[in-house]
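Notes follow the structure.
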Amino acid sequence: MSEAEKDLVAKMLRAVLQSSKDGVALTRLQTEYKQLTGELISHKQLGFPTLESYLKSMPSVVKFGVKNGEVISGLGREFLSEAKVHTPIGGGTPKDASVLVMQFHFFQTPGVWSESVDTGKSNLTTSKSSYNAELVQSRLKEILNKYTNGVWVSKYPQLYKKMFNEELHQDVLKQLETWTHICTVEKSSGSGLAELLLYPAKSGHAQRKGSFNQKTADKNQEASVSSKPVTQGGKQAAAKTQPATDTDIKENLIELLQKYSSGLWANALPKLFEETYKMQFPQNILDNLDCLSEICTVDYAVSGDRKKAILYAKIPSPVPKINEDGTGVGLRTPHKTCVNTDLLALAENEMALISHEFTETCTVQPLPLPLSIPVEQFPSVLVVELNTTDEAVIRYIGPEYSGALEQIEDAMKEHFTNSDNPMVPLNSQSVGQLVAVSAEEDSWLRAQIVEVEATKVKVFFVDHGFNEIVDRMKLHKLDGKFCSLPFQAAKCKLAGLEPFCKEPCVLESFETLACGKILLMEILERREVPLVLLYDTSGDDDFNINTACLKALHYKTLELNLKENGVYLNVVVTNVCSDGTIYCQVPSKGWNRLNALLDKVEYYFNSRQITSEYFVSLPFCGKRCLARSRGKWARVEITNVHGTRVVDVMFLDTGTVASVAVSELREIPSPFLQESVSIPPQAIKCCLADLTFNIGMWTPDAVLWLRDTVLNCSDCSIKIVKVDDSKGLVHIYLFTSKNFPNPERSINHKITNADLWKHQKDVYLSSGTHSSPSNKGDANITSEFEIKSPSKDHGFAPIKPVVPLFVHSELPTRLVLPQPGEHLDVFISVACHPGHFVFQPWQELYKLEVLMEEMILYYNRTDWQSVPIEKNKIFAAQLDNKWYRVLVKGILTNGLVSVYQLDYGRHELVSCRKVQTLVQQFRQLPFQAVTAQLAGVKCEQWSEETSIVFRNHVERKPLVAQIQAVHESMYSWDRKVVTYLVDTSLPDTDVWIHDLLTEYLVELSKVA
């Protein structure tokens, strides 16, 4: 055992012995020591055969004596013994029933302990005082006002003499508990004056900070104020301590608040507390939030309004601060399970020594605030390193993050290279200490010590997220002015990779694809370690890093190694897209294994009741899950998210795309998750090779002919011409069973028929491979849905020149607007200039979101029909994979239609193929777009500069509208509202937009 370890054992032993004035029995010493340190005294490792022999080797620390006849001796601060070791006559162990005890050597204070030592008993009677009680009481008040956190009774005589240059009368200490109007006396443990704590009379625990349990606090207060001291066996009874239930509540509150690093509303605390811990929340806490000041910071959003208060957890200090005079030790909340911690704190001399050593070895600069997550949903990040996908190390990019760090590091470089600021070397280093480290190219970085060795120190660079072993000479004291910026190294959790967070192939793939790169991060869940998706946007298409890492789990033995000029039989064509892309299934080991897996999944779901754990709670792009297809469960990947209830998915093994409700998806059961991910997708993306002429855009006739020819064919064959790994595309010759292997009879040759490539107007196609709803399978699992061409592939409906029953039926009810002078919360969807903008009622936006999701589900599952499009009529139109309610404003000769979005106020051009009848179920909600102009400003023609200023302040923002006038019209989309706009997002002031524009126009006129 090293010398440092031996010194540590001696220190802990002193703390144990010092905690008990009456000593510790030899038979209980190991137990007391273990309760304090968690370990036994390893006397054999220290070189002693028995514990007793080890203790006798330290006369400066331990002395022996019989319990009923022990002698107490004084010690100096160097713990040198001035007393002899008293043993029974003969120098041996007593044979009678006397208990052998050990006692720590205390430094005795003259006038306090001398009488007790001489007489060996307590003086229980109150002698006639020979001092001025009123003067002493007034001075006691003065001392307690200075030390409001409490004073050790043993230190009180010293403080008294220090402040008033007068010895304290020995009888004063005996009278303290009777002076309830002056002070409160508490005993932390055991008995005897050495363990007493002194507080101001109105600064007891229940009075100073409030109580977590008001009834208990009241009882304790009555007990400490009205009860008289009780004597028994020559010792005073200890005052009652606060119940453990209060401490439990306090610890639970600390744990709860630490989960919400960004703050928690006070009025949300009771419900959250009761749901989390299944115990009643003391309501009196909300009436007195000051009682939480020890564990959190209370921020009143509205001054004095407790309901608007926000609670922030305090960062606990690693080591308590101990004053040199023994005051302010902070032991104000006794805890039954932390008795030994309290006992250790009572060892004043030892803790003073430790405090001194701590001050010498540790920095005292304050820790910066925690790093806040950017408010935007898609921030840019620099990926630093990855040890597990649950904690990827990143740095946020932006003026408040990387920009601020650059300024700090430049200031550090200037500070340490300036000759006027001599560098302060570190005399000693300790784990957890913040330091400044000299790095390459004269740069200086902030770091935290992780491990200390003989000549080297391992540090963690808190802004860059990596560890490094550096020379001790490179470490310098970090000035407090460089601690204001939060540490920039942050962590994130990669969504979809949780079960495989430590898989070597996943980590290796991430290292190759992401580490050292600046990526786009989508924040799915905001928490201490946010759940995210990472995208590489450097190419033509956004590349999902999470999905790419998941592909690293594919079994190599199950992958199809397609070779050029290779011929494959028994191929099944599963999908034909509108751009001529074909998805095929080739017989393979993976296909056979997939079928076996899906059969087991089917049996798994049919043989048990489905619980909530199998429902998809958080849909995101790239997520792997299950959906129903042709009466069975199939593997899908989410490709697009339309809000919280509707998503687009691709069936991995057929290549088809569908829009489905999130409620129809299921998580892959954990017993099959690993195997499901390991099997590569069985749908191969192909295109026809060597077409005889440049076909350009595929016509509806050509797509329809190809579908009719190959989708219904039971046996096809392909010949590989080229494998384009970069695009994931295979160029093939496609044959039906009767034509293989004659190239002249291939599909590639037949489709070049010129008649198929004559572009026609208003011809609609859709997949010929959709399944009708089926009653087969478990009705409790989900309903069947149709699979049709992906909307992003512009799938067409079959040629059906069917005139619908109606094109323009009744209109929705008119949106009700407030009366002039009234207010309305609005969202500005379009802002051209102050004379023309469009707002939506804020309170109705969730209804519009639901409507949009329902339209996606309906139209993406329904065969599109040929619709006679008329001007000034209401239709449904598809734009950017979503469906909108539109008003047709004009029909162009090139097949495009000009439409006005009745819920968003935007004008768009859309292909006539993507215009469908707006069915009755989508005509119930009033049209949400309201055209408006800004009140309070007048201008015949708005300049581009003014329009930009206006747009930047209002567009895509929630504001408050004060209605000035409403100009009605026959149709709701033609009416116009004149209104003021107010930005209420600032905490201290409201910004009236018309005032802002007026000031801008005045300034603009001055410049002109």
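From the backbone N, Cα and C atoms, a Cβ is placed for every residue, glycine too.
Annotated features, as they stand in TrEMBL:
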DOMAIN    5-78  domain 'HTH OST-type'
DOMAIN    132-200  domain 'HTH OST-type'
REGION    208-244  region 'Disordered'
COMPBIAS  222-234  compositional bias 'Polar residues'
DOMAIN    245-315  domain 'HTH OST-type'
DOMAIN    428-485  domain 'Tudor'
DOMAIN    618-675  domain 'Tudor'
Let's see if you can do this one: DSSP helix, strand and coil counts over the domain 'HTH OST-type' (132-200), in that order.
36 helix, 12 strand, 21 coil
Taking all residues of the domain 'Tudor' (428-485) together, what is their mean pLDDT?
88
DSSP says what for the domain 'Tudor' (428-485): how many helix, strand, coil residues?
9 helix, 29 strand, 20 coil
Where DSSP helix means H, G or I and strand means E or B, what are the helix, strand and coil counts for the domain 'Tudor' (618-675)?
9 helix, 29 strand, 20 coil
